[in-house]
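Trainee: Among the features that TrEMBL reports, transmembrane segment is placed at B:12-37, B:43-62, B:92-114, B:121-139, B:159-179, B:205-228, B:234-252, B:259-277, B:289-305.
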Amino acid sequence: MSKVLGSIVAIAMLASSTLSFAKDITIGLSVDQLFESRVGVTDAIKAEAAKQGYKLIEVVADGDAQTQNSQIQSLVTQEVDAILVCAVDQNTIERALIGAKRAGIPVVAYDRALPDSRAVDAFVGPDSISDGLAAGQHMVDQLKGLSGDIVVLELLGALNDQNGIDRSKGFNDALKQLPNVEIVAMPTDWDSARALAATQNAFQANPDIKAVFAATDTQIPSIETVLTDIDKMKSVGEEGHVVVTGVNGSNDGYEATRKGFADGIVVMDLALTGQTAVHLATALINGEKVEMTNVIPGSFYTSENIESNKATIWGAK
Amino acid sequence: MDRFKQTFSSKKWLAIALATLALGIALSLVSTAFLTFSNIQSVLVQASVTAIMAVGMTFIILTGGIDISMGAILFFTSSLFAKIMVETGSYSMAFTAAIGCACLLGAVNGLLVVRFKIIPLITTLATYTMYRGMAIHLTGAQNIPVPREMGFLGNGKLMGIPVPILLLAIVFVLGLYLLNKTRFGLYVKAIGNSEQSARETNLPVNWVTILVYVIGGLTTGIAALILLARVGGLQSGIGIGIEFTVIAAVVLGGTKLSGGSGTIVGSVIGAVFLVLIDNGLNLLNASPYIYDIVKGVVLLAAVIIDKVSFERQAKHLLEQKALRIKSTSGVA
């Protein structure tokens, strides 16, 4: 009898363990490459996945679209339950994403939208147009009273990055309010060294530049270097101050704004982006319907209120 | 005329010098902002990072090698510097470690090239990946600010001259001396002309090869500190891809990618030329989309000119040889 009981218990245990094994959810996380803000979102995704008790397989493509393509294929082979992807390049990874769709694996794009993809089920990321608009609006408020032609320098992100393009669009839309503004746009490819050279050249060509917009606030220290070079380094409120705004929320941007060198920055909500990505994946795994596009606008902080909001700024150390 | 041709072909850097001058004149005609003291100074400061690295790269390319990992060495060196600065606050320790490490990473490249005889392009492509990975691992892909006083290396002036320009001048003069006035410089060119003959004549080929990669690492280390100071802190991926600008500067300067022939002067002017293109496009307020196209076309033109002149030279040499054979057979 005890033998029978024992085997029943054993079978029950086995069943429950397979049952719980079946409930184990694995998320595949495909990251384009590692840099500060990306790590911020990735960490938020990992934390939320851990909270939900999910297993997570993370792959990083080092900025190479072909690598990402094969990494996603390998996630499909490993039969993950959902894939979260931040794409290096939409077209190159589409084949792998369609492979995931065929295998019935839901795909959530995060941070970088894949509007033309036939495989993506949902997107969560920044509202880059509104972020650019907010940074532009504050600049407009500072420059409004000036008479004569106003030259403004815009440091662009990468020309093929949707977030860079949208920030620029929002920023330019905001500056349309000023009738007498000329925007000098310089490409930087998100690279601070290029931003440095571009700022230097721009100030050589136009010593009278009144404001600088940085598509990423990690480039603000480079602007600081150039203004120091040409003796134009003045704080907010001082005579001759060059208005500086940016988007991101890194420590560079936080420190520059806190010290009053920059007027204000838009801080992206990386934690919420990461959490939402995992929640979307959960809903899709459970077969629920989700909104296709989920954007999270950033918050704008000025040199006056940034320090009191330190806790909400992902990069602030 | 022949004499002019002779000088022209013996002083390879003249072509890039003339091109730079022409571009400078053109720019000063279209923009009044160009020919000002502060703009010239700003061009030189901007060129300093790539120009310093180009001095190192010239030595490597002269031996027939190449170093694709320079950008990654720059990234790792600046990561190490920033990390040590943050943790210990000691400048001397950070400087020593960063420069020492840059030389060490260069030495590893050299050792691998010499020991395993894999072509330098592949060897340094592998170490590029490795060094970059090490840098990301060391910093966790985080940005690290460096103290503002370090800005002296990037913004400071000594005797009225910006520090980056002074550092470039020192590296330039040392490079010139090493290449043209020492036996080491002679060996470097000899290896590039024919490694086999160099070995047959018992030149210390291995040592010289390792040393040129160390020089490449050292110049990269110096450039890294300037860039770090100017950018204001470590950014993940800083310097990645810079090696292509450096190689472009060296090639534009008239150094042959196959080794054996080239000058430091040419490479430094090449670096200035590339900055001038950027500077010019900026001054003209050109569309952001055409920058890379213009640079690509210029580089292509330089390589094509180099190739054509090489073929012409080779043809000339062959003709001379044929003549000599003819005349000797005539005697017989």
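Just so it is clear, glycine is given a Cβ too, placed from its N, Cα and C backbone atoms.
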Trainee: If we call contact 3 or more Cβ pairs under 8 Å (sequence gap 6 or more), are the transmembrane segment (B:92-114) and the transmembrane segment (B:121-139) touching?
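Mentor: Output yes: the transmembrane segment (B:92-114) sits against the transmembrane segment (B:121-139).
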Trainee: Does the transmembrane segment (B:121-139) reach the transmembrane segment (B:205-228), going by 3 or more CB pairs under 8 Å (6 or more apart in sequence)?
Mentor: no
Trainee: Are the transmembrane segment (B:234-252) and the transmembrane segment (B:159-179) close enough to be called in contact, which here means at least 3 C-beta pairs under 8 A that are separated by 6 or more residues?
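Mentor: Between the transmembrane segment (B:159-179) and the transmembrane segment (B:234-252), which are separate recorded stretches, there is no contact, as judged by 3 or more close Cβ pairs.
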Trainee: Please report, as numbers and ranges, the same-chain residues at least 6 past the borders of the transmembrane segment (B:205-228) whose CB is under 8 Å from any CB of it.
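Mentor: Residues 48-50, 52-53, 55-57, 59-60, 62-63, 65, 67, 70, 73-74, 77-78, 81-82, 95, 98-99, 101-107, 109-111, 113-114, 146, 150, 153-154, 163-164, 167, 171, 178, 184, 187-188, 191, 195, 198-199, 234, 238-239.
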Trainee: Counting only CB pairs under 8 A, let me know which of B:12-37, B:259-277, B:289-305 has the most with the transmembrane segment (B:43-62).
Mentor: B:259-277
